[in-house]
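Report on the following structure.
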Amino acid sequence: MDTFTNIPIKPVIRAYLCKKGHVVKNWKLRLFVLKPGSNYMEYFVDETKESQHSPQGRIPLFGCKVFEYSHTKSSTVRDFCFIVETVESKQWIISASSKAQQSQWMEAIREAATIAEETDEVKLQKHKSIEKSLLSEVKSKNKTPVLKLLLLGTGESGKSTIVKQMKILHHKGFSLEEQEFYKQLIVRNILDGVALLVNVITDHQLELSQETKTATNNFIVWYQVYLSKRPPTIAIKFNNATLTSTPSSPVRSPSTTPPLTPKHSPSKDNFLEDKLSQIDINQQQKHTRTNSDQSGQLFNITDFIPSIISNYITTIWSDPFIQSEVLIKAQDYHINESTQYYLNEFKRISKPSYHPTSLDILKSRATTNGVVETDFKVNEVIFRIVDVAGQRGERKKWINFFDDVTAIIFVAAISEYDQKLVEDNCTNRLHESLNLFDQICNDQNFPKTSIILFLNKIDLFREKLKRSSIQTCFPDYRDDQSYEKSSNYIKNSFLSKKRNGGNNNDSISKHIYFHFTCATDTKSFETVFNSVQDIIISKTLEFYC
Ligand SMILES: Nc1nc2c(ncn2[C@@H]2O[C@H](COP(=O)(O)OP(=O)(O)OP(=O)(O)O)[C@@H](O)[C@H]2O)c(=O)[nH]1
Ligand SMILES: [Mg+2]
């Protein structure tokens, strides 16, 4: 996990000090080295070993305590002793050669401990020991603890994607029924995405090459009929809850948008347009019933795209102008971020034998309706993950799920710094997320609940920084457009939202943990979730033990 402190410039301190053995309790002279900004204090047998950087041992400094030590009964009493105790309660007894040296080292170690980071090695050790103690506790009490994690955040921030990752990591992936659902959803996502691109072209009256123009015209004529026939939602049962797909409307736009109509008159020189020209748009249903042979195959789509339509999509996406300017403009129309991924993968996806991969599923988009609870058994613990709908109108339902929450994972999509909210088309999405975070982390409903902040979509954030600064969202931001500085600024903006109520009230001065995440990347999510597990389990241990 990252920390948010600066490392002061201080000299290295090194000296020979005596260290009491952990196994054989005798004193050994060791060369101790404390480098400023290091996460460890190291000790060596001598200078040669130091120059080879071959330490005899190292003491993790993150959160360690230092206190004076005086012997009560020992035949080998030493003066000026002190103890360094790590967060894992492991102790090192060290003896200095004078009072001044003892004070100097104690002070330096204390200071180093305040800025040291928790290293992966320490995290892993902690993770294992926490798990071990929880397991033995569980065995002795013969019960499986249920830890409730509430996923909160604005719409489209990535909450449901996290649940999908949990399925991949802890549920052996997706069932055949789920894969079928996602296949249909992906087809819808692609068709809606292409229609939205065409809508952008029409809206902005963009000039296209003749080939692209023909393909867009043909596609949109077909799409309008397809849309009128397609059921508005597809649904699937997940663990007694229903996830319903309500794909985004392809005609969302920043202003008043004309209906989807091709700007250029369709040419009459191909099969599809000939077919469609026979259709009375107002009589589509009737027409399909009576001419079900060819148009039935063309429009009765569940999980595949007819090859003629695939060809139009391929032509449209092969145009570099569509992939650059049109795609960027489409952001203002709230295009699904995965459209680019799907269209890049379209050759594979458009095959009749297509089966979605885990990544395809992670990239799919369906607005969550209501609340979906899913249990995941991880080792001997059940994580009950509560995924809510993030859009404004849905948030009043959240309060019903605040009871017995072990931890809140607040998901904020930091790549949204230059995007407007779908709900009102005017509020900056990141401002909305910051305001929501402010409410959540200062809410008295969960005074002791740990809050874990996921600063999500870092992959899109990195890409976007190449073309626009976070100044769009934070006019006071003065630094450069580097990922490090920009992400750090956003992180601090979130963390600064936590208030302590001005009365040192412990109940609302809870700690906020944070991670930079890419929820569609399974490997990095696994690391992040291990760390989250540690925090949650260690907090819960207090309750169970
Ligand atoms: N590139 C990228 N896409 C992401 C990331 N996280 C989520 N997404 C995509 O963002 C879209 C929205 O994600 P969801 O998980 O559905 O968002 P949500 O927070 O559940 O949204 P609501 O249900 O509307 O509240 C999906 O298409 C995801 O694939 C990420 O870190 N990087
Ligand atoms: Mg969702």
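Even glycines carry a Cβ here, placed using N, Cα and C.
Under the heading GTP binding site, TrEMBL lists 156-161, 362-368, 387-391, 456-459, Ala519. Per TrEMBL, Mg(2+) binding site is recorded for Ser160, Thr368. Residues or ranges marked as compositional bias 'Low complexity' by TrEMBL: 245-255. Look at TrEMBL and you will find 10-114 tagged as domain 'PH'. Among the features that TrEMBL reports, region 'Disordered' is placed at 245-269.
If you measure from the Cα atom of Asp459 (GTP binding site) to that of Ser160 (Mg(2+) binding site), you get 18 Å. Neighbour counts of Cβ atoms within 10 Å were taken for the binding-site residues Leu362, Ala389; the minimum is at Ala389.
Ranking the binding-site residues Lys159, Arg365 by other CB atoms within 10 A of the CB puts Arg365 at the bottom.
Ligand 2 lies under 6 Å from the Cβ of the following binding-site residues, listed in sequence order from Lys159, Leu362, Arg365: Lys159. In the domain 'PH' (10-114), the DSSP tally of helix, strand and coil residues is 21 helix, 40 strand, 44 coil. Sequence-distant contacts (6 or more apart, same chain, Cβ under 8 Å) of Asn456 (GTP binding site) comprise Ser157, Gly158, Val411, Ala412, Ala413, Ile414, Thr517, Cys518, Ala519.
For the pair Ser160 (Mg(2+) binding site) and Thr368 (GTP binding site), the Cα-Cα distance reads 8 Å.
Among the listed binding-site residues, namely Glu156, Asp459, the Cβ with the most fellow Cβ atoms inside 10 Å is that of Glu156.
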